[in-house]
């Protein structure tokens, strides 16, 4: 008698619907250029957030944890810094603003305490997770961009690790967590929108 295995949940899931190109969508090359531009800007902003947090909390018990996340963001940024010239994509014009804003956000939340700094991490990483998931879905339709898709998926997994670290460090117990999280997420979404276009 053969033993029957429970069906794999992935086999039961409805097939993913791929997004079709719509009239007015940018050509594939322009779409990838926007992805690279915004991803480089986002990783630069993330690096600056962690630099701001380290300036305040670098010697605290949270310091090594923040430094670990910072080092991963540096690796992400180095990857996109290499891809921009390779693909002949200009960086965002807003880099000087993100330089200041990222550091200020990191330092300000760190001054509110370790939980608020971790709340900042959770809010940013949840926004980036959705952003990277959307990019990976678009790139699924472009076999020639499999390498870029793999990079984005790997970085997405590390961003989710950062979110989980933040939650494990009591981010949700930060003062006014829902308000703080919502404000940071809104700012992150605005930064994504602006960096794609400018």
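One-based numbering along the chain as shown.
Each Cβ is built from the backbone N, Cα and C atoms, and glycine gets one as well.
Where the annotation comes from TrEMBL, it is an automatic prediction and has not been curated.
Predicted, not measured: the structure shown is a model, and the values here were computed from it.
According to TrEMBL, the feature Fe cation 1 binding site maps to 43, 73, 76, 159. According to DSSP, residue 76 (Fe cation 1 binding site) is assigned to a helical segment. In the structure as shown, the Cβ atom of residue 76 (Fe cation 1 binding site) sits within 10 Å of 23 other Cβ atoms.
Sequence-distant contacts of residue 73 (Fe cation 1 binding site), defined by Cβ-Cβ distance under 8 angstroms and a gap of at least six in the same chain, are 43, 46, 47, 50. Per TrEMBL, Fe cation 2 binding site is recorded for 73, 125, 159, 162.
Under the heading region 'Disordered', TrEMBL lists 1-29.
A Cβ within 8 Å of the Cβ centre of 43, 73, 76, 159, the residues given for Fe cation 1, is found for these other residues of the same chain: 42, 46, 47, 72, 75, 77, 128, 155, 158. One way to see the shell of the Fe cation 2 site is to take the Cβ centroid of 73, 125, 159, 162; the remaining same-chain residues with a Cβ within 8 Å of it are 46, 69, 72, 121, 124, 128, 158, 160, 161, 163. Neighbours of residue 162 (Fe cation 2 binding site), defined as other CB atoms within 10 A of its CB across all chains, total 26. In this structure, the CA atom of residue 162 (Fe cation 2 binding site) is 13 Å away from the CA atom of residue 76 (Fe cation 1 binding site). Burial estimate for the binding-site residues (43, 125, 159): highest at 159, by number of other CB atoms within 10 Å.
Rounded to the nearest whole angstrom, the C-alpha distance between residue 159 (Fe cation 1 binding site) and residue 125 (Fe cation 2 binding site) is 6.
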